[in-house]
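Student: Take this structure first; my questions come after.
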Amino acid sequence: MQKPAKVLEKQLINAVENLNVEAVKKLLDEGASINAKVEHYGEESHLFGDLYRDYWHNYRFEDKQKEVQLMKKILDLFFASNQKIEGEFKGKGDNLLCFMIEHNYLLDCGKLLRLEPEINTKNIYENPLMIAVRYRKNKAVELLLKHGADVNLAANAGTPIEYAITYNLEVLPLLLENGGSVDEAFVEACRKGDEGLIKELLGKGAKIDSTNRYNQNALFFQKAYTNKNIFNMLLESGVNINHKDKNGFTPIFHVIYNKDTDYLEIFLEKGADIEAKNNADITPVHYAYNRGFQKEANLLVRFGANVNNQDIDGITPLMQSIIEGKQNAFKALLKAGADISLKDKDGDDVYSLIKSQIDKKSQQAWEELIATTKPVKIKKPTPKSTKVSTPKVAKLKYFPTTKEELLKLVEDSKVKLETIDTSKIKDMSCIFKESKRRSFKGLETWNVENVENMKDMFRGAKFFNHDISAWNTKSLKNMQGIFYECKNFNQPLDKWDVSKVTNMSWAFYSCIEFNQPLDSWDVSNVTNMQATFDACGKFNQPLNSWNVSKVETMRAMFMDARRFNQPLDSWNTSKVKEMGHMFNGAFSFNQNIESWDTSNVEGMSSMFSEAVSFNQPLNNWNVSKVVDMECMFYGGFGGEGGAMSFNQPLDKWDVRNVKDMDRIFSNCRKFSQNIDNWQVRKDCRFSYNFTDLQGEFAGSSLTKLPKWYAQIIEEQKAQKK
């Protein structure tokens with residue numbers, strides 16, 4: 001008589017847990033499903049996936065080899081069952097197919113694909129093909145395509161084509177050969193600003209008005225419109241300058257958002273619709289005033305923008321300035337001819353909004369502005385050349401050819417910076433180091449396109465806060481300490497070309513005001529990111545798009561970056577050797593980074609010390625090469641800081657090479673996990689105060705010492721006697 005499916009499933013789970021190979025074989029022959037579900041940390045998981053991960057985790061432990069061999073036999077039975085994998089195939093954590101690809105288990109990947117798992121799953125962060133592309137597992141890409149992977153399938157994080165353009169250009173031809181969208185590739189090439197690839201894809205038939213998944217065409221991307229060759233090529237090919245994305249925005253809105261005033265004027269001269277409305281009926285001038293971009297708003301007004309546009313709720317820019325309490329914008333709009341008689345959909349006019357939105361003490365001042373501010377007639381600018389060009393600079397008087405010559409000029413207070421021709425300079429290291437200069441006017445005009453070294457260029461220049469966003473840094477290689485202790489610096493740098501930079505260590509150290517977007521940077525050649533954002537108290541910008549695959553040290557990278565809390569799960573950390581102090585004092589950081597490849601990391605000392613919010617899983621980290629875990633979750637003297645929230649399983653960690661665990665969990669107040677199975681070196685360094693729960697575990701929630709630790713204490717005591 002056939003056993004019920006639920007009975008077979010329960011018996012199979014028990015047989016697998018007990019590593020009973022014969023029982024597993026018998027149950028599979030009787031019809032037990034390999035799709036049995038098990039409970040894992042309160043969530044439903046897949047028996048097959050859990051077993052596979054346990055197999056690879058234990059594979060490296062000598063004392064686990066007997067169990068490993070039994071696991072392998074059971075896995076072979078599962079692979080040979082010819083049963084179809086059903087549903088979204090997850091094991092402990094992520095999709096198992098993704099796990100195999102990421103760790104380069106291609107042979108097993110092929111076996112699994114024969115069981116027809118779902119490889120075109122929607123509504124996930126990354127699908128298997130995207131994982132293969134991101135980690136440059138091109139053999140896995142071929143395998144997935146052979147088994148029907150949809151090369152154009154979007155996941156929450158993007159598409160395989162997007163990933164190829166961002167992380168792995170080498171695989172792009174293969175994706176295109178297998179039905180990948182040449183139009184999508186073209187748009188992504190424009191996003192990246194890759195002129196050669198853009199031309200190549202146009203030659204392959206890409207449509208000039210191709211769009212991405214947000215319905216944005218090529219002109220929405222800063223790296224496309226700020227490159228004069230790409231911009232002119234796109235316009236000459238007929239790209240629609242007024243194309244609308246899914247939210248109704250046109251490219252001109254993005255130019256305003258990026259505060260690219262020079263290019264805004266060019267867009268307007270080229271025919272960008274100054275009265276274009278998004279889905280909320282907001283126009284460019286409305287958008288500029290809403291965001292407080294006065295310079296861009298003024299330019300739009302000079303070009304004749306209607307300052308009385310009403311959005312979907314009847315709100316005008318003038319009304320919005322009241323709602324947001326922006327008095328300078330309010331006055332500027334009155335000068336531009338804003339109509340005070342208009343009413344929104346609730347029947348409110350300017351006066352009623354002042355009464356409801358502005359505190360009583362200030363209401364009179366706002367009303368007086370209405371009475372005293374007269375409209376100013378603004379003359380529309382004379383049309384300029386439509387070709388993208390660099391702004392004109394003052395007449396050049398000085399032509400240094402060496403760093404020493406430039407330094408003498410910079411130190412001469414009579415020499416205006418804009419009169420120096422710097423086009424021959426390759427080394428600008430320490431040029432403004434410890435400078436007491438208060439004005440850097442004219443610095444933005446410097447030609448730095450040949451500069452390779454900017455090490456410590458503005459180090460300690462405490463008054464430096466000048467806009468140098470337009471610099472062409474295409475040759476730059478060394479940024480070590482470039483803005484070190486520039487405590488007032490907070491200017492945009494997202495247009496900089498850092499694609500050749502190898503050293504970014506200490507770049508923004510103690511830039512306590514700095515909080516500008518840098519996610520557009522190509523950091524693919526950087527090897528050193530030590531202390532890059534150390535002590536950047538306000539920095540909290542996205543960095544997940546960074547390609548850090550060549551970085552070898554991230555020591556103290558976000559140390560004391562107290563507001564930083566951005567996803568970093570896409571980072572390829574496979575070459576990183578040093579992560580000591582990386583999030584030490586990063587009070588806000590609490591992101592899942594369990595997907596990181598830590599297989600080459602040797603140093604993790606104080607990595608999460610005083611990371612008071614951090615409580616994310618780390619159990620899948622490969623720490624087999626780590627030698628230093630001193631103070632890894634330590635709370636500091638007095639115990640007021642520490643990784644106070646951390647309480648995650650770490651029982652899978654292979655710590656046999658760790659030589660220093662001094663105060664590893666000291667004052668990690670919530671930590672109460674069982675780590676009895678850790679195999680710890682007898683010569684591993686610990687605290688000297690081996691008393692009760694002192695030293696390594698003082699201040700934690702552990703009720704008893706791990707067995708290995710208790711044994712070490714007894715041995716130490718015996719030696720002292």
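All positions are counted from 1 along the displayed chain.
Just so you know, glycine gets a Cβ as well, placed from its N, Cα and C.
All annotation found in TrEMBL is predicted automatically rather than curated by experts.
Sharing the record's features from TrEMBL:
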REPEAT    124-156  repeat 'ANK'
REPEAT    247-279  repeat 'ANK'
REPEAT    280-312  repeat 'ANK'
REPEAT    313-345  repeat 'ANK'
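If you look at the structure here, what lies around each of the features I listed?
Tutor: Counting residue by residue with DSSP, the repeat 'ANK' (124-156) contains 16 helix, 1 strand, 16 coil.
If you look at the repeat 'ANK' (247-279), the same-chain residues 6 or more away from its ends with a CB under 8 A from one of its CBs are 217, 219-222, 225-226, 231, 235, 241, 285, 287-288, 291, 293, 295-296, 299-300, 303-306, 309, 312, 381, 383-384, 386, 388, 391, 492, 494.
Looking only at the repeat 'ANK' (280-312), the predicted model's pLDDT averages out at 91.
Long-range contacts of the repeat 'ANK' (313-345) within the same chain, counting only residues at least 6 positions beyond its ends with a Cβ under 8 Å from a Cβ of the stretch, are 285-286, 289-290, 292, 294, 297-298, 301, 307, 351, 353-354, 357-358, 365-366, 369-370, 373-376, 378.
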Student: At a C-beta cut-off of under 8 Å, are there same-chain residues at least 6 beyond the repeat 'ANK' (280-312) that contact it? List them, or none.
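Tutor: Residues 248, 252-253, 256-257, 259, 261, 264-265, 268, 274, 318, 320-321, 324, 326, 328-329, 332-333, 336-339, 342, 344, 378-381.
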Student: Counting each residue once, how many in the repeat 'ANK' (280-312) are helix, strand and coil under DSSP?
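Tutor: Grouping H, G, I as helix and E, B as strand yields 16 helix, 0 strand, 17 coil.
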